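Peer 1: Please read through the structure below; I'll follow up with questions.
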Amino acid sequence: MAKSRLFCLLVALGSVFMILFIIVYWDNVGTANLNLHTSFSKSLPFQSSEELSTAVTATRNRFVSDVDVFLNSFLNLSTRRSELQSTKAEKMPLRGSSSLEENARGYDWSTKEKLEDAILDQEMIQQERKLNLLQFCGNSSFGFPTKERSFDDIPNRELDHLIVDDRHGIIYCYVPKVACTNWKRVMIVLSESLLDKKGVPYQDPLLIPREDVHNTSSHLTFNKFWRRYGKFSRHMMKIKLKKYTKFLFVRDPFVRLISAFRSKFELENEDFYRSFAVPILTRFSNTTRVPDTVGEAFSSGTMPSFSQFIQYLLDPQTEEQKPFNEHWRQVYRLCHPCQIEYDFIGKLETLGEDTALLLRQLNLDTLFQFPPSYRNRTASSWEEDWYSKLPIAWRKKLYKLFEADFVLFGYPKPDDLLSV
């Protein structure tokens, strides 16, 4: 009888212990899942800054996160770097016979430390880029067209550069002349939006034909949401903007203009010739007869010059007729960075490092290789060669036209080009 009671007591105690264990376990798991549910841009706690909080208030609460998040993220990254450096001595093997043995076994401690340092550096650069963007979007003394409007004020037709991948929770705003062809290829593979000749989704970005990459039917973009969701389209956009990881890649604005001119006016392109070269030649050249075809124009050497192209951009009549083409339209008009809080800002100047970091943060770095691209054939060092031939007044007007892109994305003002 005593043994029976003892057995029952042990069973009861064991049951209580298991219940407590399950409660504690699921409480921890639930908390972890809750913390991991948000995008990586909101994963770190922050301290506030009075000056930046005032700036954020001026943005009329456009962003989901506030400056506190950015500041403390920046501080936490600095702290992580200090902690990493303080523990290096513990990680490094002692020199002597033991280090010889470990070298023989293939250990490379310095490589690991360099990788950790590089990742921290890249993360800090990201925080700096996002903080710079947030500061100027909230700076009431810095203005540019469309800055003060809300996301709801953006016309549907201007949301056509925001590509959505629902399978992985990603939104990419593509900017022409900034590696967008390869990023579009990646988005097609991730979203499985295009089938190959065998009827299966493409798995290798490089196998996707170029004409399909730029076909609008290959991508789900925000401007198509009204077809799916009708009157709920804006609500669905806001949900995805809040929950998905949003990124874009940018480039020095003046270098981007050179690249656009070279690809659209120094190569034979019949569509661009009729849509843009003919109007430019008609308005800004002394040509008595504009060639009918691009082939005839190249043969006779009557294609627009870079100077005439800049005149076309500066002429108010140009946008009175229709908006800038996407290849030279300002990034703030394509991607609306003061209305959309981007989680990642990449730059063409650091494309390799930024792409590697982004794919790693998205947990996509093991799925595929980012397509290799031609070495940046339009170099930043070309700026002076191309722009110094323009009148100083034109250069100043052009900078004013693209000033928002320079400032928002942290590109230095080209003072050498803007001084007499």
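Placed from the backbone N, Cα and C atoms, the Cβ positions cover glycine too.
Feature table excerpt (Swiss-Prot):
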TOPO_DOM  1-5  topological domain 'Cytoplasmic'
TRANSMEM  6-26  transmembrane segment
TOPO_DOM  27-420  topological domain 'Lumenal'
CARBOHYD  ASN76  N-linked glycosylation site
CARBOHYD  ASN139  N-linked glycosylation site
BINDING   176-182, 251-259  3'-phosphoadenylyl sulfate binding site
CARBOHYD  ASN215  N-linked glycosylation site
CARBOHYD  ASN286  N-linked glycosylation site
CARBOHYD  ASN376  N-linked glycosylation site
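Help me see these features in their spatial surroundings.
Peer 2: In the predicted structure, the topological domain 'Lumenal' (27-420) carries a mean pLDDT of 83.
Under DSSP, ILE258 (3'-phosphoadenylyl sulfate binding site) is assigned to a helix (H, G or I) in the three-state scheme.
Annotation for ASN215 (N-linked glycosylation site): no same-chain Cβ neighbours under 8 Å separated by at least 6 residues are found. ASN215 (N-linked glycosylation site) falls outside any helix or strand according to DSSP and counts as coil.
The Cβ of ASN286 (N-linked glycosylation site) has 5 other Cβ atoms within 10 Å, all protein chains considered.
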Peer 1: Where does ASN286 (N-linked glycosylation site) sit in the DSSP three-state scheme?
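Peer 2: ASN286 (N-linked glycosylation site) sits in coil per DSSP, no helix or strand.
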Peer 1: Tell me whether ASP252 (3'-phosphoadenylyl sulfate binding site) sits in a helix, a strand or coil according to DSSP.
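Peer 2: For ASP252 (3'-phosphoadenylyl sulfate binding site) - judged by DSSP and reduced to three states - the answer is coil.
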Peer 1: Does DSSP put VAL178 (3'-phosphoadenylyl sulfate binding site) in a helix, in a strand, or in coil?
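Peer 2: Where VAL178 (3'-phosphoadenylyl sulfate binding site) sits, the three-state DSSP reduction gives coil.
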Peer 1: Among all the protein chains here, how many other CB atoms are within 10 A of the CB of VAL178 (3'-phosphoadenylyl sulfate binding site)?
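Peer 2: A count of 20.
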Peer 1: Report the member of ASN139, ASN182 (the recorded positions) whose C-beta atom has the most other C-beta atoms within 10 angstroms.
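Peer 2: Max Cβ neighbours within 10 Å, all protein chains included: ASN182.
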